[in-house]
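J.: Got a structure for you, questions after.
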Amino acid sequence: MTMLENIRGPRDLKALSEAELGELAEEIREFLVHAVARTGGHLGPNLGVVELSVALHRAFESPVDRILWDTGHQSYVHKLLTGRQDFSKLRSKGGLSGYPSREESEHDVIENSHASTVLGWADGLAKARQVQGEKGHVVAVIGDGALTGGMAWEALNNIAAAKDRPLIIVVNDNERSYSPTIGGLANHLATLRTTDSYEKVLAWGKDVLLRTPVVGNTLYESLHGAKKGFKDAFAPQGMFEDLGLKYVGPIDGHDMKAMESAFRRAKRFHGPVLIHCLTEKGRGYEPALAHDEDRFHTVGVMDPLTCEPLAPSNGPSWTSVFGDEIVRIGEEREDVVAITAAMLHPVGLNKFAEKFPGRVWDVGIAEQHAAVSAAGLATGGLHPVVAVYATFLNRAFDQLLMDVALHRCGVTFVLDRAGVTGVDGASHNGMWDMSILQVVPGLRIAAPRDADQLRAQLREAVAVDDAPTLLRFPKESVGPAIPAVDHVGGMDVLHRFPESPQVLLVAVGVMAPVCLQAAELLEARGIGCTVVDPRWVKPVDPSLPGLAAEHRLVAVVEDNSRAAGVGAAVALALSDAEVDVPVRRFGIPEQFLAHAKRAEVLADIGLTPVEIAGRISAGLATKEELSKEKQE
């Protein structure tokens, strides 16, 4: 058996020698490269936290000590060390999640993979333990960009206010912009600054100086300033101590012995401690280290030797279509600028940034700031395009409502990964946007069905300068173009049964192919259908109620929550127009969806042509029976 195969839980790490730990780290990296290459996933971040994860589990007693991971995509090594080594179905249906999962293990605490939240969690858990007199440590691991999020600093401010509440923060600093201060001096200072004697000497010195008549206070302030200046010169993270946190580091994040020693000393300290570990994203895998873009942050199925993708390509992605079109628009209009929140490449703005470096801003993990800054840009005479993942726009709802919409700012939001994303699980599905945003006055929402519509609707959106607009599209490759056969108002008619159609299928965006297939199945049963793409789903097209009145049933199909979504808006529009036609809503139920392929998730929740056609057919049959009963 390999060294890794002998690790069934954290306790198995305790007896390993320094040489064996080094061997284990090499095995883990080799395992990760080959396992993640088979399934896809977050490779670079996990290659960077191998030694850090081992040191944590040697120094602490999980699950009694609670180890919390921010941006949980860096928890693969943690999974391996806590008895989860079957990565054969990582991020696949029935397999391990790509993030921590309480269902998988008692060692996992936070399932949410939205960044910058772990310090708030840690603050609450530490308070709960203090109030209830429970033993054990709370350890929060934050990094991979998560400290760019404002929530992290709000939490730090609160954590620092409790000088007597033990809490250990581990900063996994894998940013290449930091200058490493590694070696004997840093390790010596790390040892010194967490000892009780160091604290006692500081307290004694302060007391003596402040008691000295006339010059005592001035002398203390001068010496304190000198100490701070020296500290900041060698460790620029002195701002942490200015908050009131005990700062330790920087420490070599690949030196297990140094980290374990720092962790054990931190356990003895009686207040909040921040340990700064310098790690290398993609460590041990040359292709990742050579990849300047993001050090193989996320990879698809690939050959681990050549790094060539093995999954078949089904054509251009929605992201690439957007990325190319926004560049063309930027060439035509100098007032169009772009903003993203730590997602420049994933949302397709990298080409825009290369072409117009002075017209794009990556604000870090700060969606709220992105929205407000966009409002300022719009007020200043520009048209900002804010591109983020759909699930992350949830964070900026108040700013979109009160800063963008209230001020009627011409801002275009582009939501990538909208609807069911699949393998990344519950917190990455973009299934709430069309429900949450229904209440925003003046906002217009577009859901393009194909690449041609994405290009057209993006241009329509940036032409609006007195209200916010929004486009949404999924993660998958773009399918073939779906032509319109007719137009009603602003809607595209995709299919029309020639004689007295009974069912009006309202296809929201990428659900158009599903609706066309459902219509084909229904017509095989003698039920004629009309299929329309509303294009702009908010506000509801004023022509829709009149078209609905020509049918016996309206069915709205959307890859969004059924609660308060497009179907609910259509039902309200028909009610307001006094059109007495029932509306069936097909969408995502009110539940968090387990990770699986997008097609598997859609099948599980009934968003397939067969399921939709069957339920519509059954509903019409029931309606006919009820009508007959009334006549009798």
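Cβ atoms here come from the backbone N, Cα and C positions, even for glycine.
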J.: Out of E5, E354, E367, which does Swiss-Prot tie to the same thiamine diphosphate site as H73, S113, H114, A115, G145, A146, N174, Y285?
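T.: Thiamine diphosphate site check in Swiss-Prot: besides H73, S113, H114, A115, G145, A146, N174, Y285, the record includes E367 out of E5, E354, E367.
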J.: Among all the protein chains here, how many other CB atoms are within 10 A of the CB of G145 (thiamine diphosphate binding site)?
T.: 18
J.: Please find which two of H73, S113, H114, A115, G145, A146, N174, Y285, E367 have the most distant C-alpha atoms, given that the record lists them as binding thiamine diphosphate, and give only that distance in angstrom, rounded to a whole number.
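T.: This binding site's residues have a maximal Cα-Cα distance of 32 Å.
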